[in-house]
Amino acid sequence: MSNTLSRKRYSSMAYAVRYFFTRIFPRIVLVFMCIIFILPFYWMLISAVKAPSELLSIPPTLFPKEFHFENYVQAINYIPFFRYMFNTLVIATFAVIGAMVSNSLVSYGLSRINWKGRDVLFYLVIATMFIPFPVTMIALFDIFAKVHLINTYVPLTLPYYVGSATQIFMMRQYLMGIPKEISDAGIIDGANEFQIFVRLILPIMRPVIAVVAIFTAVASWNDFLTPLIYLHQEDIYPISIGLQLFRSEHGLEYQLLMAASSMVALPVVVIFLCFQKFFVEGITIGAVKG
């Protein structure tokens with residue numbers, strides 16, 4: 001009798017331990033990680049509406065005593081905010097267009113068309129992922145300077161029109177999972193390769209194209225080093241450089257810097273929320289296809 005009770009007690013304890021580590025503990029870790037990722041963004045938002053004295057107070061306050069929404073108005077007026085935002089939007093738009101067109105075409109040629117040396121070229125493309133940007137930075141600057149493209153947006157957008165190894169790999173993996181019978185049906189109907197790509201394959205690629213567009217838009221929107229190298233006129237600066245000038249000019253008024261930073265981050269958040277469905281679908285399908 002006692003042995004039976006001991007076994008039941010042991011089984012109950014083992015079940016409780018297993019339940020904790022398989023159900024409860026992972027949720028605790030996820031909540032903790034979410035707090036870590038959300039905390040900087042939350043701190044930026046509350047700092048944007050704090051008074052200067054409260055922002056630098058010790059210990060820091062986790063909630064503003066008074067909301068100073070006029071910080072946003074002052075931040076807009078201190079720098080040509082909307083001009084910088086428009087410049088950034090122009091750069092990001094051309095970058096996204098270039099990334100979607102070039103990466104989709106290259107990945108299609110490396111996955112759906114059989115030709116000699118295709119796989120070798122694909123491996124060479126993947127190998128470029130291991131070349132860091134600083135290695136090519138000086139050479140690229142010298143090339144763009146010789147063709148008089150400094151202080152233009154061409155050096156910031158042209159690289160997106162020659163493809164990205166990471167995005168080509170992701171789109172190729174997605175295309176490898178599309179049945180070959182779809183292309184064969186187009187050939188039977190008399191379509192050429194370009195028509196098959198545009199009319200049959202491209203609509204199926206919408207999820208992964210959305211992922212590429214989001215990645216490119218965020219990368220271009222947040223890019224600081226490239227504009228710093230190629231743009232030397234204040235009227236064509238993107239917002240990333242504008243924030244740096246803001247911080248240099250108003251180094252002690254961090255509440256205004258936080259207000260401007262929150263407005264800069266807002267479009268990225270809106271884009272992700274609008275295209276979240278395509279983003280998740282493209283990531284998950286691209287991970288298991290091919």
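Indices start at 1 and increase along the chain as displayed.
Glycine residues also receive a Cβ, built from the backbone N, Cα and C atoms like all the rest.
Where the annotation comes from TrEMBL, it is an automatic prediction and has not been curated.
Residues or ranges marked as transmembrane segment in TrEMBL: 20-43 (among others).
The feature transmembrane segment is assigned by TrEMBL to 84-108 (among others).
The domain 'ABC transmembrane type-1' annotation in TrEMBL covers 85-275.
Long-range Cβ contacts of the transmembrane segment (120-141) within its own chain (Cβ-Cβ under 8 Å, at least 6 residues beyond either end) map to 106, 110, 155, 163, 165-166, 168-169, 172, 225, 229-230. What TrEMBL lists as transmembrane segment is 120-141 (among others).
If you look at the transmembrane segment (153-175), the same-chain residues 6 or more away from its ends with a CB under 8 A from one of its CBs are 90-91, 94-96, 98-99, 101-104, 106-108, 110-112, 122, 125-129, 140-141, 144, 201, 205, 207-209, 211-212, 215-216, 220, 223, 226-227, 229-231, 236, 282, 285-287, 289-290. Marked as transmembrane segment by TrEMBL: 153-175 (among others).
Taking Cβ pairs closer than 8 Å, the transmembrane segment (196-221) reaches residues 88, 91-92, 95-96, 99-100, 103-105, 108, 112, 156, 160, 164, 167, 170-171, 174-175, 178, 182-183, 185-187, 239-240, 264, 267-268, 271-272, 275, 278-279, 281-283, 285-286 in its own chain, all 6 or more past its ends. Per TrEMBL, transmembrane segment is recorded for 196-221 (among others).
Sequence-distant neighbours of the transmembrane segment (254-275) (same chain, 6+ residues past either end, Cβ-Cβ under 8 Å): 41, 44-45, 47-52, 55-56, 68, 71-72, 74-76, 78-79, 81, 85, 210, 213-214, 217-218, 221-222, 239, 243, 246-247. Marked as transmembrane segment by TrEMBL: 254-275 (among others).
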